[in-house]
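Colleague: Mind having a look at this structure? Questions to follow.
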Amino acid sequence: MKMKLFQTICRQLRSSKFSVESAALVAFSTSSYSCGRKKKVNPYEEVDQEKYSNLVQSVLSSRGVAQTPGSVEEDALLCGPVSKHKLPNQGEDRRVPQNWFPIFNPERSDKPNASDPSVPLKIPLQRNVIPSVTRVLQQTMTKQQVFLLERWKQRMILELGEDGFKEYTSNVFLQGKRFHEALESILSPQETLKERDENLLKSGYIESVQHILKDVSGVRALESAVQHETLNYIGLLDCVAEYQGKLCVIDWKTSEKPKPFIQSTFDNPLQVVAYMGAMNHDTNYSFQVQCGLIVVAYKDGSPAHPHFMDAELCSQYWTKWLLRLEEYTEKKKNQNIQKPEYSE
């Protein structure tokens, strides 16, 4: 009997020429039905704050917003699929940069010498009109990435409200900043731990990277600026040190979700090779780096995932970085680039 009533209601709706949009507003019942919009409530008052705190930290997982969200695939899980087509495979890009420039400097050695500083370099970043690595990556995201990011943002604002969204994103970036400060204290031989730093060392993120830190030695640079004068971009790298005996540009990342494969880190490899290429040709540095390391740390303290990049892999990502840089330059010429929301 209830099924017949339900079928009758459906026929009435079709005969009334209800649109798809109108049908979405109908609340069905087995005994009666009504049509109307739900009463608007304050989404910030009813939000599950624990749930969305974890969600925001998962999406805004990195210091730079090139990775916010850090994954088109993660966005698809949050927002639903956009289309039935498969996401393009980055490995299928066969384009060649028009203006090729080598990532490695043939005039430099990757072996330490007497002129190398005993104290890690920490060159301040000079704010100027030269674009940063983060800005280039932000401004050259695919249209699908931009769309998914904006859709995610609007959904979060709907749930949290404008003030709630700002508060959560601020907390995420503050947490990332403190994580990097704690690592700097650990890796700097001349640093003395303050009470605040000691508290930071007890965080899950620091616990997560303990097994990685055991293999890190010979720190050459920490939170240090690099500039590529020929290709005209700047950046602020996290660390240059030896990992398992090989000198690397190290990038520390945080994530709520496991990222056991380098493909899961999305634009992070491009960030690493961009810093590497700039540093290898920056006169402030006397040495050369040919390897990269992305370390993804987890808040719950579970072991971080290290993603090592040898010289061959770095060269492959360098080609992709040059393409993104050319795309940025072309957009700038066409005056289509807007001021970035975040910078390094």
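Keep in mind that glycine also has a Cβ here, set from the backbone N, Cα and C atoms.
Feature list, courtesy of Swiss-Prot:
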ACT_SITE  ASP238  active site
ACT_SITE  ASP251  active site
ACT_SITE  LYS253  active site
MOD_RES   SER343  phosphoserine
Colleague: Cα distance, ASP251 (active site) to ASP238 (active site), nearest Å?
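Modeller: Answer for this pair: 6 Å between alpha carbons.
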Colleague: For ASP251 (active site), which residues of its chain lie six or more apart in sequence with Cβ-Cβ distance below 8 Å?
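Modeller: Same-chain residues close to ASP251 (active site) (Cβ under 8 Å, separated by 6 or more) are LEU237, ASP238, CYS239, ASN268, GLN271, VAL272, TYR275, GLY292, LEU293, ILE294, VAL295.
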Colleague: Taking the Cβ of ASP238 (active site) as the centre, count every other Cβ atom within 10 Å, in any protein chain shown.
Modeller: 25
Colleague: Applying a 10 Å Cβ distance cut-off over all chains shown, what neighbour count does LYS253 (active site) have?
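Modeller: Taking every protein chain into account, the count is 25.
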